[in-house]
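A quick write-up on the structure given underneath.
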Amino acid sequence: MATPHINAPEGAFADVVLMPGDPLRAKYIAETFLEDTVQVTDVRNMFGYTGTYKGRRISVMGHGMGIPSCSIYAKELITEYGVKKIIRVGSCGAVRQDVKVRDVIIGSGACTDSKVNRIRFRNNDFAAISDFDMTLAAVQAAKQKGIAARVGNLFSADLFYTPDVEMFDVMEKYGILGVEMEAAGIYAVAAEYGAKALAICTVSDHIRTGEQTSSEERQLTFNDMITIALESVLIGDKAE
């Protein structure tokens with residue numbers, strides 16, 4: 001049952017998919033955290049895998065950069081492969097002084113400067129929020145594992161190299177915890193097609209101080225975020 005962007009057969013994906021932006025991070029997650037892993041798709045080198053975590057079938061697949069890219073993959077996974085839950089596991093930038101590099105953020109909502117959701121929602125503002133039960137499970141997973149995690153709003157930007165640097169002051173005033181490029185789109189796609197979604201991000205760089213992690217570190221570490229995501233799936237299963 002291939003789509004234009006996914007060449008996996010029917011039934012290849014689990015009902016829960018972790019989605020990093022980087023397909024190599026998807027490969028890392030599959031090889032490091034999952035057992036009995038099988039690669040199920042590789043169109044455009046956007047790798048997807050299915051395996052098990054503590055006996056629970058889970059998939060992981062990259063979604064690329066930006067709302068247009070992640071929206072394509074999220075939509076096809078939900079409508080063509082029956083995926084019920086998507087957990088974005090990605091990086092973000094910080095603007096607040098009290099948010100530090102490598103902090104983990106659970107995105108309960110996502111503001112955006114993108115017009116994608118206005119197009120989808122007939123020129124009205126859509127409140128892009130995570131699924132409550134998934135958010136609660138992630139918070140519980142973080143506490144059980146002793147991992148400090150913040151919960152709050154993300155900002156999904158259309159431009160990585162923004163000309164409007166003063167907007168960072170506004171974000172800080174409004175308490176934005178992290179700036180990334182996808183969560184608002186994934187939340188809206190999930191809402192449109194009756195699925196559930198959550199974004200968990202690790203701060204990879206601080207926009208104010210200039211402190212940053214390397215591309216290799218972003219690809220091969222950030223294990224706390226991944227652990228929270230995987231453990232939250234198990235907690236969610238018990239709650240259902």
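Cβ coordinates come from backbone N, Cα and C, glycine included.
Annotation source Swiss-Prot lists active site, proton donor at D205. Annotated purine D-ribonucleoside binding site per Swiss-Prot: H5, E180, M181, E182, S204, D205, in sequence order, evidence recorded as similarity to another entry. Among the features that Swiss-Prot reports, phosphate binding site is placed at G21, R25, R44, R88, V89, G90, S91, with the record citing similarity to another entry. Annotated site 'Important for catalytic activity' per Swiss-Prot: R218, in sequence order.
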For S204 (purine D-ribonucleoside binding site), find which of the binding-site residues R25, R88, V89, S91 come within 10 Å, Cα to Cα. S91
Express the distance between the Cα positions of G90 (phosphate binding site) and E182 (purine D-ribonucleoside binding site) as a whole number of Å. 9
Which chain-mates of R218 (site 'Important for catalytic activity') that are at least 6 residues away have a CB under 8 A from its CB, listed by sequence? D22, R25, S91, S204
For H5 (purine D-ribonucleoside binding site): intrachain residues, at least 6 apart, with Cβ closer than 8 Å: V43, R44, M46, I72, Y73, E76
Compute the C-alpha separation of E180 (purine D-ribonucleoside binding site) from R88 (phosphate binding site), stating it in Å without decimals. 11
Other CB atoms within 10 A, centred on the residue listed as 'active site, proton donor': 17
Record-listed phosphate binders G21, R25, R44, R88, V89, G90, S91 have a maximum CA to CA distance, in Å, of 22
Where R218 (site 'Important for catalytic activity') sits in the secondary structure, as DSSP reduces it to three classes: helix
Going by DSSP, is D205 (active site, proton donor) sitting in a helix, a strand, or coil? strand
Nearest to R88 (phosphate binding site) by C-alpha distance, among the recorded positions M181, E182, D205, is E182
Of all the binding-site residues given, E180, E182, which has the fewest Cβ neighbours within 10 Å once its own Cβ is left out? E180
If one looks at the chain holding V89 (phosphate binding site), which residues at least 6 apart in sequence have a CB under 8 angstroms from its CB? L18, M19, P20, R25, I29, I200, C201, F222, M225, I226, A229
With the cut-off set at 10 Å between Cβ atoms, which of these binding-site residues ends up with the most neighbours? Options: G21, G90. G90
